[in-house]
Amino acid sequence: MTLSSIKAQTTQDDMINILAEYDKNTSALCNQNTKANWDVQTDVLNEALVEKQNAIILEYSNVRKEWFDRYFKDANIDSYTDPDVKRKLKILKDIGTAALSDADLTNLNSARNRMSTAYNSARICPFGKPNCDTSSEGLTLDPDIELLLSSSENFDEMKWTWEQWHEKSGKLMRDDYKIYIEMMNKAAIANGHDNAGEMWRERYEDDQLIEKVDKLWDEVKPLYNELHTYVRNQLRHLYGDKIDKKNELIPAHLLGNMWAQNWVHLYDRIKPFKNASLVDVTRTMEEKNFNVRKMFEMSDDFYMSMGLPSSAMSYSDKAVIEKPEQTIACHASAWDFCDGEDFRIKMCTKINMEDFVVVHHEMGHIMYFLLYKDQPLIYKTGANPGFHEAVGDTIALSVSTPQHLETVGLLENYADSEGDNINALFHMALQRVAFLPFGLLIDKWRWDVFSGDVPESQWNKHWWDLRERYQMVQAPSTRGEEFFDPGAKYHIPADSQYIAYFVAHILEFSFYRSLCIEAKQYDPLNPSVKPLHKCDFYQNKEAGKKLQDGLSLGFSKHWSEALQELTGESDMSASALMEYFAPLQDFLKKQNDMSQILEDYDEKIQVQCNELVKAHWEVATDSENTTKQEAVSEAVVAYANFTLDFFESSFKGVNPDDYTDEVVKRQLKYATQVGRSILPTDDLENLTRISNGMMTTYNTAKICPHNQADCDLATEGLTLDPEITFVMSNSTDYDELLWVWTEWRNASGKKMRSEYKKYVELVNKAAVLNGKNDNGEMWRESYEDENFTDNVDKMWSEVEPLYNELHTYVKRKLEKIYDKEMDKDSDLIPAHLLGNMWAQSWVNIYERVKPFASGSLIDVTENLQTKFNVLQMFEESNRFYMDLGLENNDMSYNETLGAVIEKPTDRVITCHASAWDFCDGNDFRIKMCTSINQEDFVTVHHEMGHIQYYILYKDQPSILRTGANPGFHEAVGDLIALSVSTPGHLKKIGLLDDYKDSEEDNINALFKMALERVAFLPFGLLIDKWRWDVFKGDVAESDWNKHWWDLREKYQKVKAPNERSEDDFDPGAKFHIPDDTQYIAYFIAHILQFQMHRALCITAGQYDPNDPAKPLHKCDIDGSKEAGEKIREGLKLGLSKHWSVALEAMTGEKEISGEAVMEYFKPLYDFLKSENEITEDKPSQLIPIVVGSVIGAVVIIGALVYGIVRYQRNKQSKVL
């Protein structure tokens, strides 16, 4: 039959014949057109194939247009009664781009081909190699760029890759896209539409499509919002200050996918239950030696098990299922060659779970092709454009279940716990739910562009407006109109509608629910027994029959009829999707709600903490001001009331283990314990008064000078700092030292014993209210170590041999000085002879007991006084930190910002050096009565270590802004002091002259360091051992002072120089007792500092355990950015991780050990051991020990201390 003979016949029977002839002709041309397109897509750089395709497209278009003009354009649909004829004519009246003239169609096809070529051939240079040769070194999207974005955790590398891909793809096609828009709109108008967007939407046969997809989005948006919030919180944990915590948008390059449309590659990093079974069978596939064909055969088996036909032809020799040598469009796709026989898949398949699921998805398209292959060509498509995608995704839902993966032997030991189920749903949501807004917005953008609602001058802006509105993601860098970021997505240059994917992601769950009910794998009335998300209809023929009934219709009926066949419903709804993810949504909401509560708490607690710290600061810098003391009491009560109220309303009864987010869990661990604030108001106020009273006693204590017992204390009395400290440091008069030692205890500790008894009662009461047995147990909780007391004993046992040798040597030296006063038969040293009020540091007797009298004197005080003022000492310290690549600390010593770095003359202040964190992330200060001497020079560096720690963890939640454990803060400052005190460093900065670096100098330097660091260790241990025993009640109040001296004799091997009774309270003569500051932290710090120092010295290349020329005690890390980076990585964690994580970041070790202490002092230990073996009738056999270059000799009188207040207490650090 010829066209001319058909044209005049218009009866219904003739139209049926016309349509049959049209189907025959167009099927043949469709086959040729598809083959030509296939050839281009599998060899995209072959220009000859592109020209051939263009010619075939033109021929195909012309034939369709000729038939349209002669028979369909003017056909009156209402004149026919056959519903099939009417439907076909309605479809054929819209011929799409075939309505264009030859010139316009050629223009359109050329523009599309140029855009596709730009996309498919785009290559970028790798991160760090911006000027690479892209032909040999360039990265392609698939697999290089996609693999990088899915696996990299480097923020900057991902940002670079994202920017470069958009630069090399989308940006190059903007001009062609203008042509494309013009031609597409021209085609739409020729088909009777206002614009191409309207023409596209016509395919859905629904005038309310825009409203319907908006309604569907509104239904699923609550679930997406919960998922987005949870993922955003996890990414904040991963990337820290690189993400603005106040910004609800997620940087688009961080979600594991170029377009942030699929977040599944983040799964391992952010999954809720870290120890639940891993639902990723990639490794199993590799272990089982899977090849690509095996993946396709397993997919074919799935469909056949449901009673459906084989799809084997789709992955036969004509198909492309692995990436060939030539450049192809690797985007996975299924192809129908219009002849009812030839169906192929094109895919650059990789052996992983993602592609395993994609194979099943693509074969879903093939199955749809097979089931409607007997329909006329015009009906060989999905019931609406979303159906095709939905079919493959429906199968993927079943294939992805742990149950199915177990059935086919790809998953083992799946526990099916709550954690496993939530993880499986979360994994699925990262694919399906995360995709939804992207699936919606692409065509919303194109509809707006087609309609002209968005001018070309705002194309890129509108793209990001929509992405921010729907996906809640933002570009990682500024995107102007010089870019064309939509073009960086395949479907834009490929002219492929995208709303179908959004619709498909809704429909798939409707299909899935229906098939699961049919297979009796899901009961909507009893979802807890057989939850929807566990359904696998593999091998179920009933489900296969239902699928076949719906799909075989193709486009022959309105999509609502196909939907009715498949689901029993005639309209699209997201109810099945929400039903599927209901357990996950409930879980995420609970997690996110608590995260929001904690964010609210964090914001408010910063204000409260700031007020509290400011009140404490005012008292510390004006100690005798009673008005300010009263203000502290008020601030403490206000703070306590706030924390208690928040505890009652939000944290009481909360179990931290109910939450999977480690940061949330850690915050709750501390937020659910309110410390002293739990006390009734009267008790809390009483405790505050007692604490203030004891501190006032301590801070205002004065004594009369020796031989002036009846002095006027107001005018002649000696204060602890500096007068008493000076006497203890410099006097060699046994009686004067005894007088000062005794009188200080009478004036301080003795006066507070009764108050301390009340203090113990109240802090124990608070501990019991917090669920602890006593205050000691509550204190030890901060170390997160059930065996803490045993472990500190172990640390002591590791360093005790060194202390014993040092003690023995010093005792013998002192016996020569105090020959008549000391009992040579006693192993104990009188406590007042060691140059320090508490015998915690012996450095002040160095000149009297040093091993080699001729050794160089390492004291740079004179040079400091010549070259530095107080401010310059702080500036030099700041330089040290900044040269490590760390943060600027200059605000901490800026007196215009409130710092105090010199002793005021107009008021009494607490002169103990301390560093303060004012809880607002900006205000950090040092309080110090600085003298220009070597001791204070090192102290400045120490205090600035606290400041550096504050700054590095300032972006953590407030409750986690503290040291990894209480010893870390002190260790950081002392760690820096180890470098600063080396002769090498002091010489480097121009403070040390004429240092010989002899063997004697080295021993002397180590000896001086040991008098300060090693001598401190037993005192650092015993103070809290005494308090733990007191808090626990193991020591009766009537034996407090006796037990104090028992411990001092056991550990320090010192004894009281006169009789002590229970009328005395000698513990109170030490600042940290009335100040209520834990002390074991200083013991831990003195161990940790050497462990950290050793690791950082190795990193800086300044220490080699196997190279005697680089001994540990000579190491100076000044200027090492590598060491600074390790410091940063450990300190920025604050309390957000267990201390072992921070320790590992800095040292590579997870346990605290005294080994580095022994390693550092090994030359001295050998020397002392040899000297101590000498008897009176045996001359010294000392052989000089060669020890490399000398270490600096001087440090501070006492190791510095940090007494950070975590909300209940003052945020500051103090000297030991």
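Positions of Cβ are set from backbone N, Cα and C atoms, glycine also.
Disulfide pairing as given by TrEMBL: among Cys348, Cys516, Cys330 connects to Cys348. Candidates considered were Cys911, Cys919; TrEMBL assigns the disulfide partner of Cys929 as Cys911.
The two recorded residues, Cys911 (disulfide bond) and Asn641 (N-linked glycosylation site), have Cα atoms 31 Å apart.
The recorded positions recorded for this entry are Tyr204, Glu362, His946, and the Cα of Glu362 lies nearest to that of Cys516 (disulfide bond). In this structure the alpha carbons, written CA, of Asn641 (N-linked glycosylation site) and Glu362 (active site, proton acceptor 1) are 62 Å apart.
Cα of Glu389 (Zn(2+) 1 binding site) to Cα of Cys1115 (disulfide bond): a distance of 65 Å. Cβ environment of Tyr204 (chloride binding site): Asn384, Pro385, Trp559 lie under 8 Å away, each six or more residues apart in the same chain. His946 (Zn(2+) 2 binding site) and Cys535 (disulfide bond) are 56 Å apart (CA-CA, integer value). Burial estimate for the glycosylation sites (Asn641, Asn707): highest at Asn641, by number of other CB atoms within 10 Å. Within 10 Å of the C-beta of Glu389 (Zn(2+) 1 binding site) we count 23 further C-beta atoms, all protein chains included.
Excluding His361, His365, Glu389, which define the Zn(2+) 1 site, the same chain contributes Ala334, Glu362, Gly364, His388, Ala390, Val391, Gly392, Asp393, Ala504 within 8 Å (Cβ to the Cβ centroid), listed in sequence order.
Summary: among the disulfide-bonded residues (Cys348, Cys535, Cys1097, Cys1115), the fewest other C-beta atoms within 10 A of the C-beta are counted at Cys348.
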